[in-house]
Each structure stands twice: as C-alpha cells, then as structure tokens.
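**Student:** Pulled these features from Swiss-Prot for this protein:
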type: ACT_SITE; residues: S112; note: active site, phosphoserine intermediate
type: BINDING; residues: S112, D252, D254, D256; note: Mg(2+) binding site
type: MOD_RES; residues: S112; note: phosphoserine
Amino acid sequence: MVQAAFSPVGPTLGDAIPGFGTDGIRGRVGSVVTPALCLQVGYWVGRVLAVEGPVLIGMDSRTSGSMVASALTAGLTAAGREVWNLGLCPTPAVPLLIRKFGAAGGLMVSASHNPPADNGIKVFGANGAKLAPERQARIEAGLRGEIDHSDHDHSLCAGLRQSSDLMADYRELLLSAVGSHRLDGVPIVLDLCWGSATACAADAFQALGADLTVLHGEPDGSRINVGCGSTALGPLQEAVKERGAVMGFAFDGDADRMLAVDGRGRIVDGDHVMFLWGSVLQEQQALPDQRLVATVMSNLGFQRAWEQRGGILERTPVGDQHVHAAMVASGAALGGEQSGHILAASHGLCGDGVLTALQLSTLCHAKGITLGDWLDRSFQPFPQKLVNVTVPSQARRKAWSSCEPLVAAIRSAEETMGSDGRVLVRASGTEPLVRVMVEAADASLVDHWADHLASVVDQSLNAA
C-alpha cells in the first residue's frame, strides 16, 4: 500500500481525517473542516468521479462557505475538473442541475441543521445521488495518502465558471413540478432560517400567487438555524396563528428538508407528509406495491395506520441515502424521513424541502381543504421521545452497543413495553451525540425509559 506524505495539492492527512458520516463530511470549521482538508477533498473528488465533465458547487449562507468552496475549487481544478459555482442554493439544486446539464458530479457546502460555526461537504455523482460508499472510501484513502497519484498529469488544470444563473433553471424545475396548480390568495408563512431557502422559496410561492409572510428571509451566515427553521418551530407557529395563515413551512439550513404547521400551529412532520402524499398517490394508483420507504425513526403509529390502508412500510437505517437506495431497489414512488427529508420518484429521488412544501400546499388547495383538515384525517402517532446525549469520545459513541449496562437497560425496556413499544439507540453520524428514542402506546413508559436510558448512556459512555 502506497503511503504518500504529499499529494499534488499538499500534505496528505494520514489517519487524522473526518470520514463520511450520515450525510457527508461535517464538523467545526477550523478544527475539523479546514482549508487543507477541503483542498484535499476537492482534489480526490475530482480524481474519483467516474465520468468526464464539469463539477458543480453550491453552498448555504454560512460565513465559512466561501473558504470551503474556494479550497474545494482549487483541489478540483488541480485534478483537471472544470468547476461551475452555483453560489447560494439549496442542496437539491445541485443534483437536479447535475442531471439537467450532464455534469460529472457536484458538491454542496453545508452543515444542514448544525450551528453556524459548523460546515460540511456533501458529494454527488453523475446520477445526482449521494456518492456511493465505495467511492467515498476511495476519497478517504486518498486523504490518508494510500493512493498512488504518479500516473496523473498534474499540468492539466481546469478553470472556474461562475454559474449562479443556473439557479433560474432550478426555479423553473420547482414550478414545473406542481403543473398548473395555483395558490392565489392562500395565506402562507415561510421560515427560511437565514439559509439556502432564501434563494428560491419566496419567489416560487409568490409566482403561484400565495399571500405570503416570510420569516428570517435573508441569507445570514451568523444566524442560520439559530432559534428558527425546522429545528425550532416556535416562531413559525406563532406567526401562522397571529396572521391567520392556513399553513406554514420551515426549512433547515440547506433546504433539503421541511416541516410544516397547520393553521392551529400543529406540527406536520415527515411521517405525516409521507402518509398524506402517499394516500393521494394510492388514490391515483401511482404507488407501486402500495409501498412507502421510511427510516427506523418513523413512528409506529404511522406504520400501523399505513398497513391498515393495505400499504407496506419499508424501513431503512437513518439517512436519506439509505432511503434513496431502497427506493431504487424496490421501485418505490415515495419515501423519506420523519425529520422532513421527502424523496419522490417523480422528482428525481432528491430530498427537496421547497418542492415538498409546494406539493403539500397545492394539493391542499386543489382539494379545497386546509392542511389542518388533512392532518385530522391522518394517523395518531404513538408518544415518542428523543433524547440527545453528548458523548465527546467518537470511539465510545461507535462502541455503544458493546456497553453491557446499556444493552441490559435496553433489553429491560423492550421486555416491559412488548409489541406496543420500541427503543432505538444510535450514534449520530453528524454530531458528537448518542441519540436515544423511545416510543410506545403508553406515554408514561416513554418518558420513564427515555430518561432512564439517556442516564445510562451518560453514566456509562462518559465515565472517566
């Protein structure tokens, strides 16, 4: 195995590299996401992509985005790849434009719902899907200095094209997805969370005639996700009720996911979106095998209600790339995550928060009902509680399933709740957290076991 101290763009990083987590490379800028890392990632992405052609780069509004994108661009062009810089855009714009223009791949500079001090890199292949695990592994091998690069002609550098004009194509794709549906005069509130959604969401809803109120509607890298957006729905709920709106939509930092609220401020999460949209597709006989694809985080109430409609709910590990893979394998038309990532085969299997919001609002308007009416016809979720426990040690987070006190506590919880409850413990792929989720028909059991298991995680994995 080659152990190269240097690649053509500088020192390799050895074992001190962040790997591809649940959604790309992500971490604190300056300690994890550094210019040196981004330069090397750009170079090795350029080397590893399977086809010829330009590489697209987009970013959310984080202050560090320009640094990350510039370093990635330097690496990509050193690898001989022409770069098209989209500027501020939602994550889904990258894969959609990759396919539209036949690009070799793309990168999105974003840390999604993470705090402003973090940033990250998502990588897409020529098909618009997240890069396959074997190609991610090859990039990581390059970062560690384990790939021989002597056969590459490093004089063949490429150039940079500023391509923010391509966002007009993305906006057209959004509007074409809802066809002739309109929203004339419908009062709607959008929380754009100072992030990527500011590039297109308000324009799209206004083009359809909505009576629009916009919160946090300018790009602001120091406030992205801070007390707003899909991770903090309070401002949206208050604004919807104060303004008498019939619905509201909140996006995360890179706008690949969305959560909604109805006119009373009730939350419509990804499970409800899949159930409601899936029911429409079922009625239209446009849902192969009556199948929806969701993750292990989706609610048991959702699963049982969907099965009562004669449907199949297929579950995957957490991460929209797993949902995507399962949908491709089974031919499913709709899938997603409780957190608000929704993937539709009719829209390229790409999680798009703005598009999902447009679909929900236009479907409601076309049916002559409110989102609240639709929610009333949906399912009753089981009580569910998610507790995030900070565990700084990555090694301990990854080894949680070998912790005997925790395994024993999980077993006790499962035996107590039986078939009317479940426990899910997992290490976050994007943050230094172990997530504990408990759901059951009995809310008191949920509270007891979620708190108890979180305490066991803290005491066992953070012990000196």
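Cβ from N, Cα, C; glycine included.
Note that the structure is a prediction, hence the values are computed from the model and not measured.
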**Student:** Least buried of the binding-site residues D252, D254, D256, going by other Cβ atoms within 10 Å?
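**Tutor:** Counting other Cβ atoms within 10 Å of each of the binding-site residues D252, D254, D256, the minimum falls on D252.
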**Student:** Measuring Cα to Cα, tell me the gap between S112 (active site, phosphoserine intermediate) and D254 (Mg(2+) binding site) in whole angstrom.
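**Tutor:** Given the Cα positions, S112 (active site, phosphoserine intermediate) is 5 Å from D254 (Mg(2+) binding site).
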**Student:** Can you name every residue in this chain, apart from S112, D252, D254, D256, with its Cβ inside 8 Å of the center of the Cβ atoms of the recorded Mg(2+) site?
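**Tutor:** The answer, listed by sequence position, is D60, P90, T91, S110, H113, G195, S196, F251, G253, A255, R257, G353.
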